[in-house]
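As written in Swiss-Prot, here are the features:
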| type | residues | note |
| --- | --- | --- |
| ACT_SITE | Asp74 | active site, proton acceptor |
| BINDING | Asp74, Gly75, Asn148, Asp149, His159, Arg176, Asp178, Thr189, Ala190, Tyr191, Ala192, Leu193, Ser194 | NAD(+) binding site |
Amino acid sequence: MKRKFKRAILYARQHRANQEVNESLHRLVDFLSTQDIEIFQDSDTAASFELKAPVLPREKMGAKHDLIIVVGGDGSLLSASRMAIKVNAPVIGINRGRLGFLTDILPQDIESHLGPVLNGQYNEEERFLLHTKIYDKENSYFEGDALNDVVLGRGSETHLIEFDVYINQQLVSHYRSDGMILSTPTGSTAYALSAGGPIMHPQLNAIVLVPMFSHSLSSRPLVIDGEAEIELYISKSNETDLRISCDGHESRVVKPGQKVAVKKNGNRLRLLHPLDYHYYDTLRSKLGWESKHQG
């Protein structure tokens, strides 16, 4: 059995401030109050929800054996992940979203599933993030991290954009398309999947590049080594600014002639699951795959 947690930090995004999330947060506070654990909340959570728990500044998180409990959907966990990797604190999710690939625990199972986790009965896996940078010869303009994907999009353009893709300083191809999705295995069941990308097991050390509506019949998703360094050279022929987004949260302008570098972040997200969690069960359930049990 692993070490018990000493502190629980509750996290919910402001725009998810609805009755369902509020109910689960208060249910968590009531349950955690019966456990031998200190209860805190993140400052963003405190701004939108009235919980009987003190705010723990982010710079003080991770100082003890902390667990970050996210209430919301996968988007909420994506947001919390960028905070969690900076303090090396593990994360577990209560699903109040739609699909819930990352948020395992159902609201009605909070007590039965979270109790054993608090006492050290859980599975832990590491998920890597992508780090991206927008730059040119003179300056660096933006840096961000993504657990799911980094997306180059056409912004306000209504026609195809042009860019070159280099991997480890070697030219791969010139693209004319709506953009490019660069996804981790974690993100392979998100935006990349809807664009025709493959599903990758989350423990694979790989990155997938998925062109979006490419003007070429031979353009296909490309799975590469997770240690590779990727560069997108934005063609000067583009008539307007493009955009780069990280997990759909952070979005920045990319100008013609600039470059976008993408590589693995040195930190890992520590994602926890109840002991009865199985990845392929999640795929089958969330994607509606059929199952046939032999009698």
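Glycine residues also receive a Cβ, built from the backbone N, Cα and C atoms like all the rest.
Binding of NAD(+) is attributed in the record to Asp74, Gly75, Asn148, Asp149, His159, Arg176, Asp178, Thr189, Ala190, Tyr191, Ala192, Leu193, Ser194, and the widest Cα separation among these residues amounts to 31 Å. Taking the Cα atom of each, Ala192 (NAD(+) binding site) and the residue listed as 'active site, proton acceptor' are about 15 angstrom apart.
For His159 (NAD(+) binding site), the count of additional Cβ atoms within 10 Å of its Cβ stands at 10 [all protein chains shown]. Around the Cβ of Ser194 (NAD(+) binding site), a 10 Å sphere holds 11 further Cβ atoms from the protein chains shown. The secondary structure of His159 (NAD(+) binding site), as reduced to three states from DSSP, is coil rather than helix or strand. Cα of Ala190 (NAD(+) binding site) to Cα of Asp74 (active site, proton acceptor): a distance of 10 Å.
Put simply, Asp74 (active site, proton acceptor) is 10 Å from Asn148 (NAD(+) binding site) when counted between their Cα atoms. The two recorded residues, His159 (NAD(+) binding site) and Asp74 (active site, proton acceptor), show a Cα separation of 31 Å. According to its DSSP assignment, Ser194 (NAD(+) binding site) is helical. Every protein chain considered, the tally of other Cβ atoms within 10 Å of the Cβ of Ala190 (NAD(+) binding site) stands at 24.
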